[in-house]
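Engineer: Copied straight from Swiss-Prot:
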- 39-195: domain 'Helicase ATP-binding' (DOMAIN)
- ALA52, PRO53, MET54, GLY55, SER56, GLY57, LYS58, THR59: ATP binding site (BINDING)
Amino acid sequence: METQLQNDQLFLEWFGQNLLDCHFAQNVSVYLQDASMVHFKTFSEQIKIIRAPMGSGKTSALIEFLKTVSYIDSVLVISCRKTFAAELLNRFKKNDLNDFYLYSEIKERQINKNKLIIQVESLHRVTRNYHVLILDEIMSIIKQFYSKTMTKVKEVDAKLLTLIRNSTQIVAMDATVNRYVVDFFSLCMPHFKSALIINTFVSANFSNRSAYFCPTFIDGNLAFYGILKQKLGLGKNICLFCSTVTSADFMSELLKTDFPDKKILLLTSKQGKCHSVESWINYNIVIYTSIVTVGLSFDFLHFSAMFVYIHLVKGGPDMVSVFQSMGRVRKVTDNEIFIYLNPALIQVPLSVSPISIPQCYDWTLFEKSILQCSCMDFNKKCLSAQNYLSNSMIKQFFRIRHYIEKTTLLNLPDSLYLLCLLLDSNSIKVHIDGDVFPIAKEKFYAFTKMLVQGCHFFEKKKTDFVENTMTLKELFSNTNITVNGEFYELGNFQVHKDYIVNLNNFQNLFLKNDVDIFVIEEIMLTLKSEIRRFVFINALLQKYVATGIDVEKIKAFFKSRIKTFTLPENYICSKFYLLSDISGVHECGMLMDVAFLAESIRADLNLQSCTDTQTDISEDAILLCAARRSSEILRILQIVFTTHVQLFEKYNSYTLYLFNRLKGMQLNTWSLSIAKFSVSIIRMFFKCAFNMNLVKSKPRYIVGKPFRSLTKREIETLLDMWHVSRTNLKTYKELRKALTEASKKRQRKKIYKLLGHNISSYISETGCLFQHADAGMCLSSGCLLRS
């Protein structure tokens, strides 16, 4: 069924927009509530699944239901966030439900309370079953299973399934419940009756609102910042949601400069967790990120309008999280939401495809059929992810929704369309550049083009704090260095002895014996970047695969050494981080598949490694590699790197024209040859997996040696090989000129090379798997001091 979804139904299916049209198992009854707020305490079915928009009274209905539960029955409430769990406890106490405990206030490792509120990641601490099981914001709970903070996926998955199968009543609520949630409970509890309650009632606080998508940030009649300044100039208060910390900092600095007299509150992860929103009433401008989400609501009539700055970036909050966060302000006097999407960081290659198409009323059948191929291809690749998710039934069951949420972040039209659907489902009128959604396709094309052409990058914020610029090399080369307990000191500069030990361990495990200690330190410093950590792990595993080490041995080494290896954040070793701290990729199987694919590509291209910058790559080799590996490359690009690309055999000139119009990009030609497509997907793989750029290059006359570095003797040898007379050529300059002219006359095919950091040149081929016991002894701090 999953592979037969029509293109325009994909988002509707996975975000619950078409529940009334679905057919369910015989034990499922469907109820529609359209004239009142949510209520379900009188329903007799053991499983109650509630789909209701924001502001429809889901939590109030839950409280009324809990009041009907016998005091002797045990109740477990599972939340998606710690702050949400705490807010639920407060709401319960205000409504005389005083016998609930909050998991974070229980010191014991194992929890056995009769009535408990717990965040899903701590579910493994629960030691008993419960009569009544509540899953509030169930889609957000499911989303946590894909988070890197979920360190005990297998245990939590097993515990949740056990709790479901042993409960006598279940309540699951969310604004985007889909048919797969209903099917999930039907499969888990086939002997229970289920009530699917679809509530479409929306309070006036939301239904009276209008959302305006702004095409530009500064210039134009509907410029995002222009409207924001106008509101503040009239003495109104505004609330601004920013999807990233970078965009929040940018807007905060901009507003402080333009409105120095306004009271501004900035809430991001830098300021810590947000536990309350009551103080917002004291500010003219409140700027917040997704740290303010479900469980926190501002109910005072204080702000005139809501502004939303969405900085599309891989790893950022998905559109559902954005939608939930922007709904935290329940009342605005002008009933207006202004939204700006900045796609500056996702201007991806031409071959990247949209997953779905927006609800434009004038698509042709031919255009729909083109994007239907994209939709089916997306589903097919998502299904292949089952190989990586064997430790969790929940991750397996809901994987397509997860990949939709992550992949849309890298595609402007998908993000725009999905957010429009979510707003529309909450009865918020959506306007795109003056037109009411759904709009004509030409309007959609024009709008995305304006967003792409007008987007801007952020300048990196400079800090006034100046760090000590001394390096480890300068410290140990200075004769005035002293030892003070566990520290080496030079003035105010300190290095803990454990820092040197960590360098030693790092080399012993991963690097060649002859790598200089100060080069090792440079490598370790770069690993503070998450991208560099990912590249380093990929380079490690590819080297091990190339050496022919047994796969199970590599997996064991990954789990025991790579995954657990810690690196110091600073010289004094006050903080550490994990080498394997990588967003998105949490499965060893994924990394191993990347490594095997990388090794195959390396062999096809005759490279020394996947970060080899010295070897020329012929276009013929790239074409052959793409022909052999295209299906696996495209699968890995989607599943591991959440970048959706179709198979090149399905492309034609009109397909590419349509895709790129949707993305707001303009092609000089309407065609993309197989050669160009092949280069494109190989380039994308190297960039995603190894942060290396595949670029066109002039052929190197001697492999590994640039033209400017050739000696006179080497040039003479090349001229002789090419049968070029050098009778009258005496000087080095004359010889170089003759070589250049001769090269132009020779018929040469296109040549490419990799640009970037050749990290593989430092990596040991076997790690510590087959190293001698004395490896790395030269890295001791004593040796450093003696040198």
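Using the three backbone atoms N, Cα and C, a Cβ is placed for every residue, glycine included.
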Engineer: So if I measure Cβ to Cβ from GLY55 (ATP binding site) and keep only same-chain residues at least 6 apart in sequence, which ones fall under 8 Å?
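Structural biologist: For GLY55 (ATP binding site), the qualifying residues are VAL202, SER203, ASN205, PHE206, GLY327, ARG330, ASN426.
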Engineer: By Cβ count within 10 Å, point out the most packed of the binding-site residues listed: PRO53, GLY57.
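Structural biologist: For the binding-site residues PRO53, GLY57, the Cβ with the most other Cβ atoms within 10 Å is PRO53.
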Engineer: In this structure, which of the binding-site residues SER56, THR59 has the fewest other Cβ atoms within 10 Å of its Cβ?
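Structural biologist: With the binding-site residues SER56, THR59, fewest surrounding Cβ atoms within 10 Å: THR59.
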Engineer: Using Cβ atoms only, which residues of the same chain lie under 8 Å from LYS58 (ATP binding site) while being at least 6 residues apart in sequence?
Structural biologist: VAL38, ILE50, ALA52, ASP136, MET173
Engineer: Across all chains shown, how many C-beta atoms besides its own are within 10 angstroms of the C-beta of MET54 (ATP binding site)?
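Structural biologist: 22, counting other Cβ atoms within 10 Å of MET54 (ATP binding site).
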Engineer: Under a three-state reduction of DSSP output, how is LYS58 (ATP binding site) classified: helix, strand, or coil?
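Structural biologist: Reduced to three states, the DSSP call for LYS58 (ATP binding site) is helix.
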Engineer: When DSSP is mapped onto helix/strand/coil, what comes out for ALA52 (ATP binding site)?
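Structural biologist: SS state of ALA52 (ATP binding site) = coil.
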Engineer: Over the domain 'Helicase ATP-binding' (39-195), what is the model's mean pLDDT?
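Structural biologist: Averaged over the domain 'Helicase ATP-binding' (39-195), the predicted model reaches a pLDDT of 95.
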